[in-house]
Structure formats: structure tokens, C-alpha cells
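What follows is one structure encoded as C-alpha cells, with my remarks underneath.
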Amino acid sequence: MKLKIVEYPDRKLKEKSEIVKQFDKELHKLLDAMYEMMIKSNGIGLAAIQVGYAKQALLLNLPDENDEQSIDNLIEMINPTIIKTSGETTYQEGCLSVPSFYEDVDRYESVTVNYQDRYGNKKTLDADGLLSIAIQHEIDHLKGILFIDKLSYSRRKKFEKEYKKMQKEKKPSKK
Ligand SMILES: CC(=O)Oc1ccc(/C=C/C(=O)NCCc2ccccc2)cc1OC(C)=O
Ligand SMILES: [Co+2]
């Protein structure tokens, strides 16, 4: 399964992802391919839409206290829904689909999430800190929302200016 990261401004990223009904080999192959892609790209979170699959599936693999990303910390969330939120926090987020751009985003401090694992077993997770931020960021992807969509008007303008400049640098104009 050869995957490619879908990058802003591709409209595919605005699609709403479908509920996963089949917890089958196809799903497992997708999750495994997403994991390879996420680690290869230095990501700590990845939603299926970011590799072109509009399915409600996401991966989280945060570095541990000595900054190592171990597969033991891998969390696979299928059909996640946030059922409780509390507090507020701000963090400078980045996204594999919006390369080289980082901005402060306001999120809930803590969340409780219901989801299913790759076999369809129902799970509940209480999260705070970076894990809570990552969960909210990835669940937004399933709703077609990017972190840049949550920026204030002025910061969004700053992003668009910087992004255009970066794109020009990448592909110098033909003239
Ligand atoms: C050049 C470039 O694009 O850099 C990157 C940007 C973002 C990322 C990864 C972002 C990522 O995993 N985001 C998951 C969502 C999330 C955001 C904030 C906090 C928790 C979870 C990786 C990059 O690549 C390198 C080499 O650092
Ligand atoms: Co992202």
C-alpha cells in the first residue's frame, strides 16, 4: 500500500471522514501503512484523510519522557468521539499536511474520548497535556478541519502570506 501525504491546499483535506464499519484486513493494512508513513515523516499524529482515505481512523504516537517514540505508545483510534472536555490550553501546533508552518492553537486542556480499536473493541480514554491536544487536532481532521482553520483572522492572513512566499520559493516562477 503506497501512501502519499495530502498537503494543504488540497481540498481532499476538507472532506468529512466516513464511519468505519469493517474491522478487517483492509483496515489493518491501512493502519500499518499509516504508521510507517507517520514515523518516516517524523509525525506524532496522523489521520487517514491525510493519506487520502476519508475513514474515521487516526494514529497517535507521542514521544515518551526521554523523547523516544516507541510503538508501545502507539494509539490507534477508530470512530472516535469526544464525550467530555474541560479547561483550556494553547500549544504551537504543526501538521504533516501543512509542512513548515507552526502556530498557537487554543484547545481544551483535558478530553475523554470513546473510540474503537482495530478489532472493533470499544475503549474510553481520559487524556490531558500533549495527548489531549493531539487527539483534538486529529479528530478535527476527521471533520475536515485543519489547525490553520482555527486561527484568528490576523494569524490566518499571516499564514496565507507566508505560505504563498514558501510556495514561490519551492517553484520559482517560469519567467
Ligand atoms: C518541515 C516540516 O514540515 O516539519 C514538520 C512539521 C510537522 C510535523 C508533524 C506534526 C504532527 O505530527 N502533528 C500531529 C498533530 C499534533 C500537533 C500538535 C501537537 C500534538 C499533535 C513534522 C515535521 O517534520 C519534521 C522533520 O519535523
Ligand atoms: Co494534522
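Heads up, the Cβ atoms here are built off N, Cα and C, so glycines get one too.
Just so you know, TrEMBL annotations are computer predictions that nobody has curated.
Pulled from TrEMBL, these are the features on record:
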ACT_SITE  E138  active site
BINDING   C95, H137, H141  Fe cation binding site
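For ligand 1, the nearby binding-site residues are C95, H137; that is, of C95, H137, H141, these have a C-beta under 6 Å from one of its atoms. Surrounding the centroid of the Cβ atoms of C95, H137, H141, where the record places Fe cation, the chain contributes additional residues within 8 Å, namely G45, A47, Q50, E93, S97, E138, D140, L146, F147. Its Cβ placed at the centre, the residue listed as 'active site' has 24 other Cβ atoms within 10 Å. Neighbour count (other Cβ atoms within 10 Å of the Cβ, all protein chains): 25 for C95 (Fe cation binding site). Sequence-distant contacts of H141 (Fe cation binding site), defined by Cβ-Cβ distance under 8 angstroms and a gap of at least six in the same chain, are L13, S17, A47, I49, Q50, L58, S97.
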